[in-house]
Amino acid sequence: MASANLNIMIKAARKAGRSLVKDFREVENLQVSVKGAGDFVTRADREAERIIKEDLRGARPNYGWIGEETGEEAGEDPTRRWIVDPLDGTTNFLHGLPHWAVSIALEYKGEIVAAVVYDAAKDEMFTAEKGDGAFVNDRRIRVSGRRQMIESIFATGVPFGGRGTLPATIRDLSRLMPVTAGVRRWGAASLDLAYVASGRFDGYWERGIKSWDVAAGILLVKEAGGFVESIRSEENPIESGSIVAGNAQLFEPFAEIIRSRD
Ligand code: IPD
């Protein structure tokens, strides 16, 4: 049974998702003027964060907060904080592409203990709690069981503007493409991880990522039986800005390729 905290997170994600879906329909009409659509998306994004913050901070006023739009706020309880991306996949949203999500994680003593990634356009609610498994719309999910790189699909991302990570990612691609079934770059890190958790992708990696993009997805993958580490294995993937995730069988060979030049 979901904890009270997870229920609060699910409710907030649904509410924000509803507001975003309404705005998404508008943005599809606004595509003719990308600048206009850009301003509109910024407002949609802020409104979604406002909705989530009101719910989460209203229910747990003593927890800390970090959100993509409103930044960091310490709480009276220094051990717990919400990590929130109200709209992961902003560029997809801006272009009318239905691949974006609300991402909410609860961190306790530096570890993610509850996670929600809500793909509102497809009404897929990915959830996990530490020790209780991972789910989509209440159905249990597991990472894939694929054992061969050549039959596996991997996802990656490139942060806006490259953030200096592009040469390394291009090197990764040139090494991975010939030995796998392919690489996807779909533009929403939280969903890349949710798709690894549900066995749709076999692995995911990215350099230059932010904590709010990956915090919830990290727990989804772990609770679905997969592995998640920072590309530099000694670092914490939530804070280090780099991540490699995969199913249990392929994690080692996959991570070795990604790490071979780091
Ligand atoms: C971005 C997406 C994208 C990833 C970038 C992120 P945003 O998040 O998750 O897939 O490659 O690194 O910044 O800006 O759309 O919330």
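Every residue gets a Cβ built from N, Cα and C, even glycine.
In TrEMBL this protein carries:
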BINDING   Glu68, Asp85, Leu87, Asp88, Asp213  Mg(2+) binding site
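This view paints the features noted in TrEMBL onto the structure.
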residue	record	DSSP class
Glu68	Mg(2+) binding site	coil
Asp85	Mg(2+) binding site	strand
Asp213	Mg(2+) binding site	helix
Winner by Cβ contact number (other Cβ atoms within 10 Å) across the binding-site residues Glu68, Asp88, Asp213: Asp88
8 Å Cβ shell about Glu68, Asp85, Leu87, Asp88, Asp213 centroid, Mg(2+) site members excluded: Val84, Pro86, Gly89, Thr90, Ala101, Ser103, Ala189, Ser190, Lys210, Trp212
